[in-house]
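J.: Pasting the relevant annotations from Swiss-Prot:
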TOPO_DOM  12-17  topological domain 'Chloroplast intermembrane'
TOPO_DOM  28-31  topological domain 'Cytoplasmic'
TOPO_DOM  42-54  topological domain 'Chloroplast intermembrane'
TOPO_DOM  64-69  topological domain 'Cytoplasmic'
TOPO_DOM  80-92  topological domain 'Chloroplast intermembrane'
TOPO_DOM  103-107  topological domain 'Cytoplasmic'
TOPO_DOM  118-121  topological domain 'Chloroplast intermembrane'
TOPO_DOM  132-143  topological domain 'Cytoplasmic'
TOPO_DOM  179-201  topological domain 'Chloroplast intermembrane'
TRANSMEM  2-11  transmembrane segment
TRANSMEM  18-27  transmembrane segment
TRANSMEM  32-41  transmembrane segment
TRANSMEM  55-63  transmembrane segment
TRANSMEM  70-79  transmembrane segment
TRANSMEM  93-102  transmembrane segment
TRANSMEM  108-117  transmembrane segment
TRANSMEM  122-131  transmembrane segment
TRANSMEM  144-155  transmembrane segment
TRANSMEM  159-167  transmembrane segment
TRANSMEM  170-178  transmembrane segment
TRANSMEM  202-211  transmembrane segment
Amino acid sequence: MKAALKGKYDLDHNSSGAATVAFNAGDVKLRASITDATFKNSPSLTGLVLAVEKPGSFSVDYNVPKKDFRFQFMNTVRVAEKPLNLAYIHSKGDNRTILDGTLVWDPSNKVSANYAVESGNCKLKYSYNHKGLTTIEPTYDVAKNSWDFAVSGKVYGDDSLKASYQTSSKVLGLEWTRNSKQTGCFKVVASVNLAEEKKIPKLSVESTLNFEM
């Protein structure tokens, strides 16, 4: 059985917490997660989500207080001898359906498309990985007719940095992530809206501790 505790804090003095417990039952994984809202005033079902997942095949999430299901089905087919990873995602509560596909041309090059059925919006992304160290990802948003750009890379072993820029909103972002079995995982996110006159940066810190039970 595996468990995880996650905490998040930002400069606006907003804080949140979450806990997840997962264990294997044959070839499927069962998972339960709660948030700090579950115990904010008194113990309740607020924030409780139950899930069952078969990696690479399907996952079903059930939000207990909202009585809302989220389904995801995955499959891989081959196109011109290249793997095409497909996903169908449907959220019952807001009646939202997403179709997602990623064509893995080789270990360094991937092309993906994400289509929202209800809105008709489509995003196209190309991902290039250079020598397993640096990844460059331009994304085109068809509805907004705009581009997003992201560059990420590994530094100092367990650490990685990611810089991003959204041309439609003019938001510049920077992430520092560490994934370590010894010290746990944490992420520092900073962003600034270049379209704002004052350009006040936003900063948040997220930490995750993983346990084997």
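Glycine residues also receive a Cβ, built from the backbone N, Cα and C atoms like all the rest.
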J.: Can you tell me how the residues of the topological domain 'Chloroplast intermembrane' (179-201) break down into helix, strand and coil by DSSP?
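T.: Computed counts for the topological domain 'Chloroplast intermembrane' (179-201) are 0 helix, 12 strand, 11 coil.
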J.: So what's the average pLDDT for the topological domain 'Cytoplasmic' (132-143)?
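T.: Within the topological domain 'Cytoplasmic' (132-143), the model's average pLDDT equals 96.
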J.: Under 8 Å, at least 3 Cβ pairs, sequence separation 6 or more: does that hold for the transmembrane segment (108-117) versus the transmembrane segment (159-167)?
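T.: No; fewer than 3 Cβ pairs under 8 Å.
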J.: Would the transmembrane segment (2-11) and the transmembrane segment (159-167) count as touching if the test is at least 3 Cβ pairs under 8 Å, pairs 6 or more apart?
T.: no
J.: Per DSSP, how many helix, strand and coil residues does the topological domain 'Cytoplasmic' (64-69) have?
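T.: When I sort the residues of the topological domain 'Cytoplasmic' (64-69) into the three classes, I find 0 helix, 2 strand, 4 coil.
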J.: Same chain, outside the transmembrane segment (170-178) by at least 6, Cβ under 8 Å from its Cβ: which residues?
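T.: Counting only partners 6 or more residues beyond its ends, the transmembrane segment (170-178) has Cβ contacts under 8 Å with 152, 158-164, 185-195.
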J.: Pull the DSSP breakdown for the topological domain 'Chloroplast intermembrane' (12-17) and write it out as helix, strand, coil residue counts.
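T.: Result for the topological domain 'Chloroplast intermembrane' (12-17), in helix, strand, coil order: 0 helix, 3 strand, 3 coil.
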J.: For the topological domain 'Cytoplasmic' (64-69), what are the same-chain contacts with Cβ under 8 Å, counting residues 6+ beyond its ends?
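T.: Result: 44-50, 91-93.
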J.: When secondary structure is assigned with DSSP, how many helix, strand and coil residues does the topological domain 'Chloroplast intermembrane' (80-92) contain?
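T.: Summed by class, the stretch gives 0 helix, 10 strand, 3 coil.
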J.: So, by DSSP, how many helix, strand and coil residues make up the topological domain 'Cytoplasmic' (132-143)?
T.: 0 helix, 8 strand, 4 coil
